[in-house]
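I have placed the structure first, in the form of structure tokens, so that the comments after it can refer back to it.
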Amino acid sequence: MHCAVILYLPGYAVWFGRYCVHAKCSVCFCRGQEERKDGREPVVLLEVGSSLIPGLVQVPCQQRSMSLFKAREWWSATLGDGDEFDQGCLCVGDVDNSGSGQDKIVVGSYMGLLRVFSPRPSKPGGTLEPEEQLLEVQLRDPVIQVEVGKFVSCSDLLHLAVLHPRKLSVCAIAATAGNVEHGIQYQLRLVYEHNLQRIACNMTYGPFGGVTGHHFICIQSMDGMLMFFEQESYVFGRLLPGFLLPGPLSYCARTDTFITVSSTRQVESYKYQTLAVATDADTRKESEQQKVGSGKRLVADWTLMIGEQALDICIPSFNHSASTIFVLGERNLYCLKDNGQILFMKKLEYNPSCFLPYASVSEGTTNSLVGNHNNMLLVYQDVTLKWAAQLSHVPVAIRVANFQDLKGVVVTLSSEGQLQCSYLGTDPALYQAPKVEAREINYEEMDSEMKELQKIIKETSKVQDILPKADKEDDLTITPSISINMDTVSQAAISEIGGLTVPSITVKIKAKSRVTVLNPKLTVCVQPPLAVTREQFVLDSMGPGSSILVVFSAFLNGEYPPADLGGDVAVSYNTPTELNPAGVPRVAQCQFSLPLRLVSYPASPSKNANYKITIDTNKPPVNLSEIFPDLVEKSDEEHVNALGLQLIAGSRVTLLASKTSQRYRIQSEAFEDLWLVTKDLVRRFEKHFAKHGIRDYRCSFTGPIPLLEYFETVDRHFELRVNAEKYQDLLAERAVQFRAIQRRLLTRFKDKTPAPLQNLDTLMEGTYRQVVALADATEENRAALCQAFTRLRSATHLIILLIGLWQNLGKDQTAILESTLLPLLQDTPQLGWEESVDAAVSHLLRTCLSRSSKDQALNLTTSQLSMPKDTSRLKKHITLLCDRIGKGGRLSLSAESNAQTPIVMPGGCEPIPESDLEEGAADQESVATFPKQRHLTRKKGRQDPTEKTGEDSRTVPEDG
């Protein structure tokens, strides 16, 4: 017995071969000699009382279908070559008024071709018969949309409305009986047309205002005007408020409203009566006096924010007691009531292309056909997926039609012109699976195999990695290499900064492929003020074992030092497979680090500096010429214990090494300039001692943490953010004033009776100068804010490094601290550094760094982050964070309690009461109190007690 299932949308009883699907009882019967003789019930293929296409239940037969989820082609045609179609280019209906109940397919194209088809059943892949194409007319203008309705006032017959960019044509398709074998001839006759003053986008039709027996037409233009036509007459036009880009448009007959989705990504409803009495868009004047009494302001009846652009809007007309509005978004399907309330929403896991709601057998539900860009046609009953079928093309328009006693045929049209009529079902398969030979079961082998599998499952369940593990060998390997020497000819965009020549360095990226790589594209990213000569490279496809070398130069492109000397390289490419010859998209990444020599020059050490930090090691002092061979100038001294570096866009940084102790001092006139040298010093120490095989090397910082100096950098950055808001407010006020003066001047100039300007021209010129001056000041403040944020990042990096050395934090805790204090790569007007860091630090203080279990509760605020009034609360939280870490607090992402040891590290922050966490702003002087120690001082006009006088004034003593 072979089982086959044929499903049609309206659900009529249809025989296919020896099988019948009945919509009422939803039971499949067999006739003839194939009736069942075992007395059992017939094979149930559809659930009783379910949708017309509810999905297929398991069929108890030996031969099962191998093409279960393919749309079965009933009729198809290919329309032209190189033509283009969209969702408005397809409609179905009895356009020739034959009265037979058989629909015709009307297709218009952007090339101006109008075609009418009357499909007949044909074999899949068969050619189009001549009598199936009723009409083909070449029009002068492109066809945007076609609709069938009662558009002629003196006739109750159906007519065809064709929308062109600048014209609306209403035509009649007349049939002339032929006396020869060619049969009936069809002609397109123009009834009337309207020339449009604006470029049309789409249209909708319906009984506007409750009229019966006729349809009116509403056209939406590209600039947001709704133009209304009552058959042969133009009625009025209205401009939509706040319009930017046109969206889909539909008419709801039950509430007499028009539904659209604006560019603000919200659904808007306008009543026809409101549109009729609103201000006329054609006669609206600019002056305030003429606006009085000219009509009411156009306001939406209701709005609903959906947060995405809409592809189409459809309002089914099969239920007259209540109307529902279906909106197809880019990622969601919405069903709304006619008052704007959401009935349900379905999140789609694909990119939809078109949809069509239709009637359902189940009361209170609606079915929807949704096409997507994966050549799939899906059937939903409300939010439940009932059927999925594979199409041969991507549909852009979908309709349901009735042909020759065959109801519910799905008509789809692609953008390339593939027109297809199909049904949803299965075909019987002739393949029969071979019988499996019985074999004896070895229970011991099965038991051992089961134990091994359980062991593998247990080990796999312990791994909590979200991302899958990478292969042992990547398909594309990227290897960076940095040149040892600077470029002979600098490639920098700025030749000099502060009298110093800006150098550049060559970076080489080698990409080696293990397999075939298609369309590789390489992107280089460095943080400003660093820049590269070229950021993007389009490479040729690579075969297995081939390699490509990419060369570019990096340089400093700003008058301030960078916060990071690293760069990222990403290569996007495709790897072909058997199922996808075009290739599967993949990405390979690598990082590179630029040398300190790129942003600095060797200079003589300075004796005095405002900012100093001291780094301790557990190994004997090292000659600085061995640590910095590329930055130490050649001299006769064998042991160098002082090194000076002049940052190209910053201050001079001096590095001092003690001859007797294991201490190293870094000092500079700018606090943030200490970061790059300190980071490079710690990195070179690790590399130096690892090269000599020393494993117990340890670098430390004995404190205190320089928070007061750090907070000065925070205040400078926050002050510029406050100035940016002030400039924006002033600029908005002056812009409003400038437009008001312009309107008054325009009114004076349009007045037929000359009147004095009353110094309005002088006021306008002065306001213009203020606007220009404020715009320049805003741009200067924006550039200063960018520099201040980079300096703040440098200072924050330095604080993180010092805290890590102070408490010997591991990589995980350092990463948490870095993500807490550096959550942003750049400032934005919506979200700044201060509020982001305050929220992150508060979270740590309430979770892993809390002192009691009461504070362990995740009492996180859900309010929107906004710019604070000052930085006092942020300073207090950062100080409390350092105090908790100094007393043994452990950073972790879990909310479990961490036992804090009551050991106070040397130079730690003084205890701050727990209530300070919830207190408001306080004075800056009460933020932190640190004991005065010799390791970090800010000297202004007095001798540092840790320095010696005499010849060896640059050495750091072993003991204070």
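Quick reminder: no glycine exception, Cβ is built from N, Cα and C everywhere.
The compositional bias 'Acidic residues' annotation in TrEMBL covers 913-922.
Annotation comment: TrEMBL describes 932-941 as compositional bias 'Basic residues'.
The compositional bias 'Basic and acidic residues' annotation in TrEMBL covers 942-960.
Restricting the average to the domain 'PTHB1 N-terminal' (66-428) gives a pLDDT of 86. The domain 'PTHB1 N-terminal' annotation in TrEMBL covers 66-428.
Residues or ranges marked as domain 'PTHB1 GAE' in TrEMBL: 501-592.
Marked as domain 'PTHB1 platform' by TrEMBL: 595-702.
Helix first, then strand, then coil: DSSP counts for the domain 'PTHB1 C-terminal helix bundle' (810-885) stand at 42 helix, 0 strand, 34 coil. The domain 'PTHB1 C-terminal helix bundle' annotation in TrEMBL covers 810-885.
TrEMBL lists 898-960 with the feature region 'Disordered'.
Secondary structure of the domain 'PTHB1 GAE' (501-592) per DSSP (helix as H, G, I; strand as E, B; remaining residues coil): 0 helix, 57 strand, 35 coil. Secondary structure by DSSP for the domain 'PTHB1 platform' (595-702): 26 helix, 31 strand, 51 coil.
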